[in-house]
Amino acid sequence: MESLYSYTQPMNCTDTTRLCTSFLAFKMEPNQTLSVIQSMFDVLPGDVTTEGNGNGYVFIRKNCSCLTKPKNYVSNTTFTVKSNGGYVYDLVMDAYEGLAILDNTTRESRVGAVISLRLFCGCSSGLWNYLMSYVMRDGDSVQSLASRFGISMDSFEQVNEIQNPDNVTVGDLYYIPLNSVPGDPYPVENVSRPAPAPAPSVDNSTAGEVDHKTHAPYVWIVGGLGLGLALIVLSVVVCICLRTLSCFTDTRGDAKDSDGKVRHQFQILRESSFCRASGRYICCRSGDYKQTTREASIPQIAIPKALGTNVFDPEKPVIFTYDEILYSTDGFSDASLLGHGTYGSVYYGVLRNQEVAIKRMTATKSKEFMAEMKILCKVHHTNLVELIGYAATDDELFLIYEYAQKGSLRSHLHDPQNKGHTFLSWIMRVQIALDAARGLEYIHEHTKTHYVHRDIKTSNILLDGAFRAKISDFGLTKLVGKTSDGEATTTKVVGTFGYLAPEYLSDGLATTKSDVYAFGVMLFEIISGKEAIIQTEGMVTKNHERRSLASVMLTALRNAPDSMSMSSMKDYIDPNMMNLYPHDCLFKLAMLAKQCVDEDPILRPDMKQVVISLSQILLSSVEWEATLAGNSQKITGSWLQCAEHWRRTFCARLVSAGEFYTSKSSNSSLVVMGIFDLTKASGNVTSLGVSSQSNAVAGEDSNEVEDAGLL
């Protein structure tokens, strides 16, 4: 055998609508952590259990579906290449220990390339509840596996169609039939907890003498520690003051051109020159900074004086060099390309040991570039994408953001299987909608100056590694001012057709209710899995016509007065949910979307009301999911962990309550997503209706968010 892992054919299937819960047995390396496993297999912490005997095996729950062509059972995930050289196939085989399928065996590896993979999985014919994919290792046999997992040898042989139990091959993949979830909950609380230091050994013969002599020095030790602590605090205060002063723009180094523009010299920042504000990299050195010969050779870009003076005070993003950008994207290679945005292409990169997304724009887009900089330097929220820094040359502008591992919501809703993505369950869809609503509510209501996004759509909702949503692309965001009708700003019509509110199309009046309309369209997409503009068959002829999804869904809702009469909507509910959703909750979500797309903006709810409604829908959905899993206990925070995805539920054992969803707010350590107040002792759930302001980054309350001065 040339390799430890041989290429096994996937399990055949016949029903392409079949979907089931399966497991994969994976042997962790000593340096691997739970977060690494989550990223590799595209799962949540509650999907990972451990065998518990110290052999390093973990069991990973995955959704298994039947492909159309070829008809095989597989599950999806993505793999990010971490090194150059060699072939991707070899890296994948070694990383996944034979559990992954990759047809292209000749593709060369490039750092940052994101590879779509399929994993071996299987669905039981009904004799067993689950099938677990297992790669045979040295020392394994049919008898040892049967004893280890509490199954009969006959069952193992029947599933794998083995004639001779002695004829099994190391490196081949086999399926283990199971009737219960394998393993125990992963010990999350102990993952990063350091081992206690060993107690110092003391000779018994001198213990009494040591104890007697150490009483007096304690006074000096405590006094010395107190003095040292005071000096440290004083030093920190001085450093903060100096850094705060250095963050203000010093225009003495700017040079005027004959055309009245200011030439801004972009400075090189080394890793040691990162400085923090509210725990995020947003500030850099400026002022009396002496350039080196190398730094003086960096290209300059002409920025209008109005934009180049005191634009980003008191917080400035990190400035990267063009060489760093070029190197991190492998020369803007196709392998690093993530997609195309409204005003430029987006690339994957690793800058200063941090995964980032890099938006590449032409210098003609400086207005959008500056608008996005102004917003994201001032407004920080867990559901808004974080700006890390920027770079510029004479011809190009670059914005550097935190990297969203799971891509956009759009890619998970529209033809996800062909894009290598996992289907979104009902729970995940509602959670994503709530996350986006909270981010939008924040910029509408909880900043000192309010903003309207103007380009809310599924491609601008990004998902992190845990499928939590963040709003991105603030290039069209506008500051809204007070008018007789409320807050509004008049602009030329920009945005994406299908998401534009009627009043905005007619008179260019952008308000927060314009964003609410676009959010309603997005809710319809979440329900239907269809694009905002769809093709339908004409009423008179059979020619296809383009219609807005909102109009189609509103027509369907007219014939569905309640959740018990939703037959008219069956063609507009995403089939990828496989009819596994609470009908009353889906109806409530559809009615909320209907309210959001009302032609009269006054009748639309504001985002605070939307957040409250979605919170209630999520709570009801979690209760439904618990009932579906057959658990009669009251819902606790652990169900919020287990119920993120219906295909990832049926948890046999519960994990610690609220472990993964506690808010960053220090005032409510048991507030989960600003919605549920969980009492571990009783497991009671109370609807709080907390606004998204509680999720603002610490130190960034509404009074501290400055006017971004949008153009």
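Start at 1 and count along the chain as shown; that gives each residue its number.
Cβ coordinates are placed from backbone N, Cα and C, and glycine is handled just like the others.
According to TrEMBL:
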type     : residues : note
BINDING  : Lys359   : ATP binding site
DOMAIN   : 132-176  : domain 'LysM'
DOMAIN   : 332-619  : domain 'Protein kinase'
TRANSMEM : 218-242  : transmembrane segment
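Just so you know, the Cβ of Lys359 (ATP binding site) picks up 26 other Cβ atoms within 10 Å once every protein chain is counted. Remark: secondary structure over the domain 'LysM' (132-176) totals 16 helix, 8 strand, 21 coil, with classes taken from DSSP. The DSSP secondary structure for Lys359 (ATP binding site) is strand. Summarising model confidence by region, the domain 'Protein kinase' (332-619) averages a pLDDT of 85.
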